[in-house]
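Each remark here refers to the structure printed beneath this line.
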Amino acid sequence: MFAPLLKKLFGSKNEREVKRMLKTVQLVNAFEEQMVALSDDQLRAKTDEFKARIAKGETLDKLLPEAFAVAREAGKRIMGMRHFDVQLVGGMTLHEGKIAEMRTGEGKTLVATLGVYLNALSGKGVHVVTVNDYLARRDANWMRPLYEFLGLTVGVVTPFQPPEEKRLAYAADITYGTNNEFGFDYLRDNMAFSMEEKFQRELNFAVIDEVDSILIDEARTPLIISGQAEDSSKLYMEINKLIPQLELHVEEVEGEVTKAGHYTVDEKTRQVELNEAGHQFIEDMLTRVGLLAEGESLYSAHNLGLLTHVYAGLRAHKLFNRNIEYIVQDGQVVLVDEHTGRTMPGRRLSEGLHQAIEAKEGLNIQAESQTLASTTFQNYFRLYTKLSGMTGTADTEAFEFHQIYGLEVMVIPPNKPLARKDFNDLVFLTAEEKYAAIVTDIKESMAAGRPVLVGTATIETSEHMSALLVKEGIEHKVLNAKFHEKEAEIIAQAGRPGALTIATNMAGRGTDILLGGNWEVEVASLENPTPEQIAQIKADWQKRHQQVLESGGLQVIASERHESRRIDNQLRGRAGRQGDAGSSRFYLSLEDSLMRIFASDRVKNFMKALGMQPGEAIEHRMVTNAIEKAQRKVEGRNFDIRKQLLEFDDVNNEQRKVIYHMRNTLLAADNIGETIADFRQDVLNATVSAHIPPQSLPEQWDVAGLEASIASDFGVTLPIQQWLDEDDHLYEETLREKLMTELMAAYNEKEDQAGAEALRSFEKQIVLRVLDDLWKDHLSTMDHLRHGIHLRGYAQKNPKQEYKRESFTLFSELLDSIKRDSIRVLSHVQVRREDPEAEEQRLRQEAEALAARMQFEHAEAPGLEQPEVLGEEVDVALATAPVRNEQKLGRNELCYCGSGKKFKHCHGQIQ
């Protein structure tokens, strides 16, 4: 009740923050005269002066006014650009770890230099994160002269970069790269086999460009490094033949006849489900082709893998459409980012879905993958000590930024007031009428000499639009996932008078559309241009610029609404940069996916009430409001999905932190002898406790089983029964001590033979390998648990709580298994001395074999280097614990080790 009154009196929180920062801007401006008077060398020396002051304890906040003044003066001298006062406010917002929302053309790249320069003075490194490699290289090369003038180093990380080059890039004061590359390098670092192989330093400060695209749109996409699993290509091909025989089940709608079928599709949630008839039909077909035994059910435990294949095939055929969710390029299925329209080469769908699409398209089916390491952007970016970002559209998602990342959004006032006109949506009954109206609008705008940008949501729509324009004989450029190599070039000239560009979603984001075209690109295309040529190009551009302004500026036409208002606002934001003239209009039809799924009934009834005729459009604020309400509904659902993903990944993240901390501690240690000793003690205690229950009588002890387990886990045969017979004073505690003494003696003997240094190095490599193998299997188990946990809801249990409880149990078992398996391998290793030449030859072969195994396991993690030879006198050929390749033992059969216990109570215990 009082909130509007208080807002009127004191202004909004955003306005109060801007006012506070404008006071600091005055302090920055007060330094300007002093900085102008400095020579280049004196200005550069300021960086060293600041670093010295930080070393003495001065804070970055205290340095800010003077440091910003230095950065502004350097920008004037090197770039010929002086930061506006509102850009200084943007720089302060970044330094304070907030998101700066700045309209298109307000100079976000230049704003970043302020916060980046100030935070780079600490010497801890700053990461500037962009959405693609082109922007990372462009921004780094653009701002490099400024940073280097100020005495700072700049690096760029890119995919498939040589390791040494990448290390240098991360060691630089300022590192540019994409969110994918930073995330994957973090995972690769946690798969490295020595400290020298790692790339990243401590994650200190990141500035994320287009922060909404990275932290919101990409938040549902996990980062996964994977290796190959077993080949199932024949199974995919067989399933692919069956799917087209299934029919869609349609419920009765508005008097239409029900069509009985095998599956249902929910477009809102993008889910497809087999019904009872569908299950029966699929089971019959699978039985007929010999994939399912007669009388067996798809839901039998050993057939669940087959059911997964069926659903992957069903989703591939019914939910994934060529030229919308993916394209086929050079014989491969390449995914398309639904938010930007860009292709995502190298990215693959998991759970067999990618293979199912390959089978559907008749392509070569690539092997399935097994996860070796994974994280999400949400959890990766939360590892930074301080995080900030820039975008033109963040305010609609301010709640999510605060809820998930603890980031506040600051709306930075524009340098010049907005002159763009945003017209109400035009809604047509059919898509055909909508496209006809768009073509008419394009003709009128081009006739007036206005540049036109047509935004589409899919590649399919952009190609359909292009075909209509070709038919009309209208010249145009198409910018979609298929032609993104030409992206910057097309966008650079999209502002010329009468230019027509069709762009899928926001392909070309990060590149401004300058009215009249981009004269700098024209100059760059010439070889050694003369000053006269440059002056002529500038003069011609000035005429074109004025012509476009007088005709009304850039006209943005959208062919449909996106699920998110934010992406619609990004498209609108292409027009009207820095106070230029411009306009935007959305053309919709009741056949558009958003309208059909979320808003059609209400709007359709309204249109019927008005007695609309074919070809007529409705333009009414009520319709626009109804559509925005539908969008808010979708945004809310997508936020819930992202939040749920994060809640589940938070469980994995805590485990990931523990494992990665353990791994980094092992890597950093020169000697892990104490860790091995602790492992040995823990494994021995667990082994003894399994066979000698606490506070039990000697008659209840399973001595034979204990002897067998000691032999299996520690590679030592000990006469425990004989000790007990000979010594009446040997009780549980003293027995543990005697066992430990014997085990240590056996291991010390091994150390004497191998040499302490060689064995220490070998211990580290073995524990790392064991940890990586078991972590990989654990990730797979967690995946299975995650996919089935929702079924607990049917038993009136909370799936999230059940997931936390079971994952904790699995993680405890993982930690025990790491200890047990490490000790087992180290205990069974054989040490022998040979003549030096034969020993060197054998070690080289063993090291190569080990490297080959590692290369297979880290198959999709480029950047990992081969490990060095492990030691001089250690035999790497491991005589590991018994491996069962023959007939599988039943859980209730006697264990193979001869202990006399059932398999499930002995070596069949789940680990």
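Indices start at 1 and increase along the chain as displayed.
Backbone N, Cα and C atoms are what each Cβ position is placed from, and that goes for glycine too.
Unlike curated entries, TrEMBL annotations are predicted automatically.
Note that this is a predicted model, so its numbers are computed, not measured.
As recorded in TrEMBL, the features of this protein are as follows:
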type	residues	note
BINDING	Gln87, Gly105, Glu106, Gly107, Lys108, Thr109, Asp512	ATP binding site
DOMAIN	3-619	domain 'SecA family profile'
DOMAIN	89-247	domain 'Helicase ATP-binding'
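Annotation for Glu106 (ATP binding site): spatial neighbours Val86, Gln87, Gly90, Ile412, Pro414, Asn415, Arg577, Gln578, criterion Cβ-Cβ under 8 Å with sequence separation of six or more.
Using the Cβ center of Gln87, Gly105, Glu106, Gly107, Lys108, Thr109, Asp512 for ATP, the list of other same-chain residues with Cβ within 8 Å runs, in sequence order, Met102, Thr104, Leu110, Val111. Site extent for ATP: the farthest pair of Cα atoms among Gln87, Gly105, Glu106, Gly107, Lys108, Thr109, Asp512 sits 17 Å apart. Counting other Cβ atoms within 10 Å of each Cβ, the binding-site residues Gln87, Thr109 show the lowest value at Thr109. Model confidence over the domain 'Helicase ATP-binding' (89-247) is summarised by a mean pLDDT of 91. The number of other Cβ atoms within 10 Å of the Cβ belonging to Gly105 (ATP binding site), over all protein chains shown, comes to 20. In sequence order, Thr104, Gly105, Ile491, Arg577 make up the list of same-chain residues 6 or more apart from Asp512 (ATP binding site) whose Cβ falls under 8 Å from its Cβ.
The Cβ of Gly107 (ATP binding site) has 18 other Cβ atoms within 10 Å, all protein chains considered.
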